[in-house]
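Asks: Below are the features listed in Swiss-Prot for this protein:
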REPEAT    57-78  repeat 'LRR 1'
REPEAT    79-100  repeat 'LRR 2'
REPEAT    106-127  repeat 'LRR 3'
DOMAIN    139-184  domain 'LRRCT'
REGION    163-272  region 'Disordered'
COMPBIAS  164-241  compositional bias 'Acidic residues'
COMPBIAS  248-257  compositional bias 'Polar residues'
Amino acid sequence: MADAAAPGEDDAAWERAIAAAVKNAPFSAPKTLTLDGAVKSTTGRLPSPSLLGRYPSLEELSVAGARLSSLAGLPRLPALRRLSLPDNRLSGAASLAAVAESCGATLRHLDLGNNRFADVAELAPLAPHGVESLDLYQCPVTKAKGYRDKVFALIPSLKFLDGMDAEGNDCLDSDDEEDEEEDEGEEGEGEGDEEEEEEGGEEGEGDEDDEEEGDEEEDEEEGEEEAEDEEDEAGADEEDESKVANGSKGSSGSAQPNKRKRDSEDDANGDN
(Lines of atoms letter the chains of each structure in order from A; the text may use other names.)
(Lines give C-alpha, C1' and ligand atoms only; values in the text may rest on other atoms or scores of the structure.)
Protein backbone atom coordinates (compact mmCIF):
# COMPACT_ATOMS: atom_id res chain seq x y z
CA MET A 1 0.00 0.00 0.00
CA ALA A 2 2.83 2.35 0.83
CA ASP A 3 4.42 1.70 -2.57
CA ALA A 4 1.10 2.37 -4.33
CA ALA A 5 0.66 5.64 -2.49
CA ALA A 6 4.20 6.86 -3.21
CA PRO A 7 3.55 8.18 -6.75
CA GLY A 8 0.59 10.19 -5.52
CA GLU A 9 2.63 11.60 -2.67
CA ASP A 10 5.39 12.51 -5.11
CA ASP A 11 2.93 14.24 -7.42
CA ALA A 12 1.52 16.28 -4.54
CA ALA A 13 5.04 17.40 -3.61
CA TRP A 14 5.88 18.18 -7.24
CA GLU A 15 2.67 20.15 -7.66
CA ARG A 16 3.44 22.29 -4.61
CA ALA A 17 6.99 22.87 -5.83
CA ILE A 18 5.85 23.84 -9.32
CA ALA A 19 3.17 26.20 -7.96
CA ALA A 20 5.76 27.92 -5.77
CA ALA A 21 8.22 28.21 -8.67
CA VAL A 22 5.74 29.83 -11.06
CA LYS A 23 4.03 32.00 -8.42
CA ASN A 24 6.29 34.97 -9.03
CA ALA A 25 6.75 34.39 -12.75
CA PRO A 26 6.32 37.62 -14.77
CA PHE A 27 4.12 35.88 -17.33
CA SER A 28 1.15 33.57 -17.08
CA ALA A 29 3.02 31.18 -19.39
CA PRO A 30 6.51 30.98 -17.81
CA LYS A 31 9.55 30.32 -19.99
CA THR A 32 11.80 29.18 -17.14
CA LEU A 33 11.04 26.61 -14.44
CA THR A 34 13.60 25.82 -11.73
CA LEU A 35 12.88 22.95 -9.34
CA ASP A 36 16.39 22.31 -8.04
CA GLY A 37 16.22 20.39 -4.76
CA ALA A 38 12.52 21.18 -4.40
CA VAL A 39 11.52 17.51 -4.26
CA LYS A 40 13.43 14.37 -3.29
CA SER A 41 11.60 11.80 -5.35
CA THR A 42 10.71 8.54 -3.63
CA THR A 43 10.09 6.85 -6.97
CA GLY A 44 13.05 8.21 -8.92
CA ARG A 45 10.68 9.67 -11.48
CA LEU A 46 9.55 13.06 -12.69
CA PRO A 47 6.02 14.25 -11.85
CA SER A 48 3.09 13.08 -13.91
CA PRO A 49 3.30 14.40 -17.50
CA SER A 50 0.18 16.48 -16.93
CA LEU A 51 1.95 18.66 -14.33
CA LEU A 52 4.83 19.79 -16.54
CA GLY A 53 2.65 19.57 -19.64
CA ARG A 54 0.77 22.66 -18.41
CA TYR A 55 3.72 24.78 -19.53
CA PRO A 56 4.40 24.08 -23.21
CA SER A 57 6.08 27.48 -23.56
CA LEU A 58 8.99 26.45 -21.31
CA GLU A 59 12.41 27.21 -22.77
CA GLU A 60 14.46 26.27 -19.70
CA LEU A 61 13.81 23.48 -17.20
CA SER A 62 16.09 22.63 -14.29
CA VAL A 63 15.54 19.69 -11.94
CA ALA A 64 18.77 19.17 -10.03
CA GLY A 65 19.25 16.92 -7.00
CA ALA A 66 15.82 15.27 -7.15
CA ARG A 67 17.06 11.64 -6.93
CA LEU A 68 15.79 10.94 -10.44
CA SER A 69 16.72 7.58 -11.96
CA SER A 70 14.37 7.74 -14.95
CA LEU A 71 12.97 10.33 -17.34
CA ALA A 72 10.04 8.23 -18.39
CA GLY A 73 6.92 10.33 -18.82
CA LEU A 74 8.77 13.54 -19.66
CA PRO A 75 6.02 15.48 -21.48
CA ARG A 76 6.30 17.09 -24.87
CA LEU A 77 7.98 20.48 -24.45
CA PRO A 78 8.16 21.93 -27.97
CA ALA A 79 10.00 25.15 -27.03
CA LEU A 80 12.59 23.75 -24.59
CA ARG A 81 16.16 24.81 -25.38
CA ARG A 82 17.95 24.13 -22.07
CA LEU A 83 17.47 21.08 -19.84
CA SER A 84 19.48 20.77 -16.62
CA LEU A 85 19.37 17.47 -14.70
CA PRO A 86 22.61 17.34 -12.68
CA ASP A 87 23.15 15.54 -9.36
CA ASN A 88 20.64 12.76 -10.02
CA ARG A 89 20.89 8.99 -10.62
CA LEU A 90 20.24 8.87 -14.36
CA SER A 91 21.81 6.32 -16.70
CA GLY A 92 21.12 4.35 -19.85
CA ALA A 93 19.96 5.19 -23.36
CA ALA A 94 16.28 5.02 -22.32
CA SER A 95 16.55 8.22 -20.30
CA LEU A 96 18.06 10.11 -23.24
CA ALA A 97 15.51 8.61 -25.61
CA ALA A 98 12.83 10.25 -23.46
CA VAL A 99 14.69 13.57 -23.78
CA ALA A 100 14.94 13.22 -27.55
CA GLU A 101 11.23 12.49 -27.83
CA SER A 102 10.22 15.36 -25.55
CA CYS A 103 12.32 18.20 -26.94
CA GLY A 104 14.93 16.83 -29.34
CA ALA A 105 14.00 19.25 -32.12
CA THR A 106 14.67 22.38 -30.06
CA LEU A 107 17.11 21.28 -27.32
CA ARG A 108 20.52 22.99 -27.51
CA HIS A 109 21.95 22.71 -23.96
CA LEU A 110 21.83 19.52 -21.87
CA ASP A 111 23.41 19.22 -18.42
CA LEU A 112 23.75 15.65 -17.14
CA GLY A 113 26.64 16.26 -14.76
CA ASN A 114 27.14 13.98 -11.76
CA ASN A 115 24.85 11.22 -13.00
CA ARG A 116 25.60 7.55 -13.76
CA PHE A 117 26.22 7.43 -17.51
CA ALA A 118 29.14 5.05 -18.02
CA ASP A 119 29.34 4.38 -21.76
CA VAL A 120 29.45 6.69 -24.80
CA ALA A 121 26.93 4.42 -26.52
CA GLU A 122 24.28 5.49 -24.00
CA LEU A 123 24.35 8.94 -25.63
CA ALA A 124 23.25 7.61 -29.03
CA PRO A 125 19.65 8.95 -28.82
CA LEU A 126 21.09 12.50 -28.92
CA ALA A 127 23.04 11.91 -32.16
CA PRO A 128 20.39 12.93 -34.73
CA HIS A 129 19.37 16.08 -32.90
CA GLY A 130 20.85 19.57 -32.53
CA VAL A 131 22.41 19.53 -29.08
CA GLU A 132 25.27 22.05 -29.06
CA SER A 133 26.41 21.92 -25.43
CA LEU A 134 26.55 18.73 -23.33
CA ASP A 135 27.81 18.41 -19.75
CA LEU A 136 28.77 15.01 -18.34
CA TYR A 137 31.23 16.11 -15.69
CA GLN A 138 31.66 13.63 -12.80
CA CYS A 139 29.91 10.90 -14.77
CA PRO A 140 31.82 7.57 -15.07
CA VAL A 141 31.86 7.92 -18.87
CA THR A 142 34.31 10.82 -18.64
CA LYS A 143 37.01 8.32 -17.57
CA ALA A 144 36.60 6.20 -20.71
CA LYS A 145 39.53 6.17 -23.11
CA GLY A 146 39.06 8.64 -25.97
CA TYR A 147 35.87 9.88 -24.33
CA ARG A 148 35.91 13.39 -25.78
CA ASP A 149 36.78 12.38 -29.32
CA LYS A 150 34.12 9.68 -29.30
CA VAL A 151 31.37 11.98 -28.04
CA PHE A 152 32.19 14.69 -30.60
CA ALA A 153 32.17 12.03 -33.32
CA LEU A 154 28.84 10.62 -32.12
CA ILE A 155 26.99 13.97 -31.96
CA PRO A 156 27.84 16.04 -35.08
CA SER A 157 26.00 19.15 -33.84
CA LEU A 158 28.01 19.28 -30.60
CA LYS A 159 30.16 22.39 -30.10
CA PHE A 160 31.01 22.13 -26.40
CA LEU A 161 31.53 19.14 -24.12
CA ASP A 162 32.01 19.77 -20.41
CA GLY A 163 32.62 23.46 -21.06
CA MET A 164 35.23 23.06 -23.81
CA ASP A 165 35.22 22.79 -27.59
CA ALA A 166 36.85 19.94 -29.55
CA GLU A 167 40.24 21.72 -29.39
CA GLY A 168 40.06 22.10 -25.61
CA ASN A 169 39.23 25.80 -25.58
CA ASP A 170 36.93 27.03 -22.82
CA CYS A 171 33.48 28.09 -23.93
CA LEU A 172 31.65 31.14 -22.66
CA ASP A 173 28.27 30.45 -21.15
CA SER A 174 25.42 32.22 -22.97
CA ASP A 175 24.48 34.04 -19.74
CA ASP A 176 28.05 35.33 -19.44
CA GLU A 177 27.97 36.42 -23.08
CA GLU A 178 24.77 38.38 -22.47
CA ASP A 179 26.29 39.99 -19.36
CA GLU A 180 29.41 40.96 -21.34
CA GLU A 181 27.30 42.43 -24.13
CA GLU A 182 25.34 44.46 -21.56
CA ASP A 183 28.57 45.65 -19.93
CA GLU A 184 29.99 46.63 -23.32
CA GLY A 185 26.76 48.46 -24.11
CA GLU A 186 26.93 50.34 -20.79
CA GLU A 187 30.61 51.20 -21.37
CA GLY A 188 29.75 52.44 -24.85
CA GLU A 189 26.96 54.59 -23.44
CA GLY A 190 29.29 55.94 -20.75
CA GLU A 191 31.95 56.82 -23.31
CA GLY A 192 29.30 58.43 -25.49
CA ASP A 193 28.10 60.55 -22.55
CA GLU A 194 31.68 61.61 -21.76
CA GLU A 195 32.29 62.55 -25.39
CA GLU A 196 29.05 64.52 -25.45
CA GLU A 197 30.06 66.31 -22.24
CA GLU A 198 33.50 67.09 -23.69
CA GLU A 199 31.93 68.33 -26.91
CA GLY A 200 29.46 70.37 -24.88
CA GLY A 201 32.34 71.82 -22.87
CA GLU A 202 34.24 72.68 -26.03
CA GLU A 203 31.12 74.26 -27.50
CA GLY A 204 30.64 76.24 -24.28
CA GLU A 205 34.24 77.44 -24.42
CA GLY A 206 33.77 78.32 -28.07
CA ASP A 207 30.63 80.28 -27.23
CA GLU A 208 32.48 82.14 -24.48
CA ASP A 209 35.34 82.94 -26.85
CA ASP A 210 32.87 84.13 -29.47
CA GLU A 211 31.11 86.30 -26.90
CA GLU A 212 34.41 87.79 -25.74
CA GLU A 213 35.49 88.46 -29.31
CA GLY A 214 32.08 89.98 -30.02
CA ASP A 215 32.36 92.22 -26.96
CA GLU A 216 35.85 93.33 -28.01
CA GLU A 217 34.63 94.09 -31.52
CA GLU A 218 31.70 96.07 -30.12
CA ASP A 219 34.06 98.03 -27.84
CA GLU A 220 36.34 98.78 -30.80
CA GLU A 221 33.38 99.90 -32.92
CA GLU A 222 32.10 102.12 -30.11
CA GLY A 223 35.59 103.60 -29.71
CA GLU A 224 35.81 104.30 -33.42
CA GLU A 225 32.36 105.89 -33.40
CA GLU A 226 33.31 108.10 -30.44
CA ALA A 227 36.53 109.14 -32.20
CA GLU A 228 34.56 109.97 -35.36
CA ASP A 229 32.07 112.00 -33.30
CA GLU A 230 34.91 113.93 -31.66
CA GLU A 231 36.48 114.61 -35.06
CA ASP A 232 33.12 115.79 -36.40
CA GLU A 233 32.65 118.08 -33.41
CA ALA A 234 36.17 119.49 -33.78
CA GLY A 235 35.56 120.09 -37.49
CA ALA A 236 32.31 121.84 -36.75
CA ASP A 237 34.01 124.08 -34.18
CA GLU A 238 36.73 125.01 -36.67
CA GLU A 239 34.11 125.85 -39.29
CA ASP A 240 32.24 128.05 -36.81
CA GLU A 241 35.44 129.88 -35.84
CA SER A 242 36.33 130.37 -39.48
CA LYS A 243 32.91 131.80 -40.25
CA VAL A 244 33.14 134.16 -37.32
CA ALA A 245 36.58 135.36 -38.41
CA ASN A 246 35.49 135.83 -41.99
CA GLY A 247 32.39 137.70 -40.89
CA SER A 248 34.45 140.20 -38.84
CA LYS A 249 36.76 140.96 -41.74
CA GLY A 250 33.85 141.42 -44.10
CA SER A 251 32.20 143.90 -41.76
CA SER A 252 35.29 146.18 -41.34
CA GLY A 253 36.03 146.17 -45.07
CA SER A 254 32.58 147.25 -46.06
CA ALA A 255 32.48 150.04 -43.46
CA GLN A 256 35.52 151.91 -44.83
CA PRO A 257 34.12 152.55 -48.34
CA ASN A 258 30.88 153.86 -46.84
CA LYS A 259 32.82 156.27 -44.64
CA ARG A 260 34.80 157.57 -47.61
CA LYS A 261 31.60 158.03 -49.56
CA ARG A 262 30.09 160.10 -46.77
CA ASP A 263 33.25 162.21 -46.50
CA SER A 264 33.20 162.86 -50.23
CA GLU A 265 29.59 163.91 -50.11
CA ASP A 266 30.32 166.27 -47.23
CA ASP A 267 33.22 167.87 -49.15
CA ALA A 268 31.05 168.35 -52.18
CA ASN A 269 28.34 170.02 -50.21
CA GLY A 270 30.89 172.33 -48.64
CA ASP A 271 32.18 173.39 -52.00
CA ASN A 272 28.71 174.22 -53.11
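Here the Cβ of each residue, glycine as well, is placed from N, Cα and C on the backbone.
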Asks: Restricting to the repeat 'LRR 3' (106-127), report the mean pLDDT as a whole number.
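Replies: The answer is 98, the mean pLDDT of the model over that range.
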Asks: Within the repeat 'LRR 2' (79-100), count helix residues (DSSP H, G, I), strand residues (E, B) and coil residues, in that order.
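Replies: Result for the repeat 'LRR 2' (79-100), in helix, strand, coil order: 8 helix, 3 strand, 11 coil.
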Asks: Could you count the residues of the repeat 'LRR 3' (106-127) that DSSP puts in helix, in strand and in coil?
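Replies: Secondary-structure breakdown of the repeat 'LRR 3' (106-127): 7 helix, 3 strand, 12 coil.
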Asks: According to DSSP, how is the repeat 'LRR 1' (57-78) divided among helix, strand and coil residues?
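Replies: Across the repeat 'LRR 1' (57-78), DSSP assigns the residues as follows: 0 helix, 3 strand, 19 coil.
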